[in-house]
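Marked as Mg(2+) binding site by TrEMBL: Ser98, Glu168, His196. The ATP binding site annotation in TrEMBL covers Arg310, Asp324.
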Amino acid sequence: MSSLRSCGVMNVFQDAVCTLNTLQTNASALEQVKRERGHPELQLQAMRGFLQRAGLKVDELDRLNIIHVTGTKGKGSTCAFTEQILRNYGFRTGFYSSPHLVQVRERIRINGQPIGKELFTKYFWQVYCRLEETKDAHGGSMPAYFRFLTILAFHIFLQEKVDLAVFEVGIGGAYDCTNIIRRPWVCGISSLGIDHTSILGDTIEKIAWQKGGIFKPGVPAFTVKQPDGPMKVLQERAEEIGCSLSVCPDLEEYQSEGSLRLGLAGHHQRSNASLALQLSHTWLQRHFLTGVIYIYDVFTGLAETEWPGRNQTLKHGPVTYFLDGAHTTRSMQACVRWFNEIAPQHERNAGGPVMRVLLFNATGERDCAAMLKLLVPCLFDFAVFCPNITEAIATCNADQQNFNVSVENMLTRCLDNQQSWRVLNGQEEKPGAELLIGGGLPLVAERQSHTLVFPCILSALQWISQGRDSVLSDPNRCVIPVKPSINAKAEPLREAVNIHVLITGSLHLVGGALKHLDPALNS
């Protein structure tokens, strides 16, 4: 009976996710939206309308005691640190973030855990049906994917009566749909950089103006240290809006008992942790009103924080995966620094030859060549490229579907990335690329023995691991056939004592990889 019930829950949940996916903007429509983005303030007006149609009022959101966080790099990690600290104090927490890695319900968390499938399904249909019933009176309009999920998060956190909610901004700040929040308890800005330039502007100062849009009158705001230009913009925004803006100290300046340890790897996480300490401390001060909150009491939260896909290491026998969703030049610099610190530690203990493999993809407007240039000094033996398609063979995988990018564009990007890597390594292009996988989609090309393009994440991982990862060698898992000549090129991978794989360039790529490498995330 329990297995039948589980199957029924899964089917209903998948129906909800498939319906949610109909709200994704397809690639051609997305281009139109970009061209028509002349009046961004209308986006917030539309969001308020959708919220009302879903049966919610903007002033109800004040009850969520929100911590609102934006930034270019590290905003998700900052939110994760903050949520863990406050959960350790015994508060019932809500946490809204994006994107998801494996399942969409990861975006909406209660007490640190993705909301369960039954609850997700229940609340999804409550919100969706209200919007569907009212669409004819509003020109047939329905909120797009991210807007809907934001409304759903508000609804879930209110229904589940969380003590506080940590909200990560989607893109920018000023006109992001999370910015209908009127009265957060505290706001934070993590490290700023260049990203989403078609939406936010082509200079870091323009981007800082957008990020500072989450400031609210009388609400304390904190930022990590920023370059002079964007810092000046943030200060001007704070003065204009009417709020205080404080710069977080270095983590070393906090007084703690014993050594301070972070649950997230990477030196860059130290500034995120400092911002989280300021955000949580300010929230606690307001909650308790009186009394002193000793900052060292929250250090346990920093040590216990987990945030998959960011500076994450997974060891599967002789194959070790280093996963980081870096997707800007600044975040890639941090990723390279982390990899160059941790990989040699593993290699010293290998007791024999180790092969280094890069698995890379990037999407959108990202400067792939600039990111790849940063990766060249890591001295990879193989560079493998694939689109953010989890499996080339169709499966029921609604959580991983993305209609915002056409398959043709994804494949072209992979081949461009392969060519950029070859140029950066001083390799001449070999004319007449050979297809690596016969039949089906002609998605795999080979130009030189050390660079390959595969049709999907699974086929790339299977080739890299060469049957040496027991998780990927599951007999129930489909193995995509590869030409014998390409298998022959993998001889060094079969002979090496260990294989070290850095997976980076896109959180979607990392999420697709984790779907195969960590089966627990699929449950």
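Including glycine, each Cβ sits where the backbone N, Cα and C put it.
TrEMBL labels come from automatic prediction, so no person has curated them.
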All-chain count of other Cβ atoms within 10 Å of Arg310 (ATP binding site): 27
For Asp324 (ATP binding site), the number of other Cβ atoms found within 10 Å of its own Cβ: 25
Cα-Cα distance linking Ser98 (Mg(2+) binding site) and Arg310 (ATP binding site), given in Å to the nearest integer: 13
Which of Ser98, Glu168, all binding-site residues, has a Cβ with the fewest other Cβ atoms inside 10 Å: Ser98
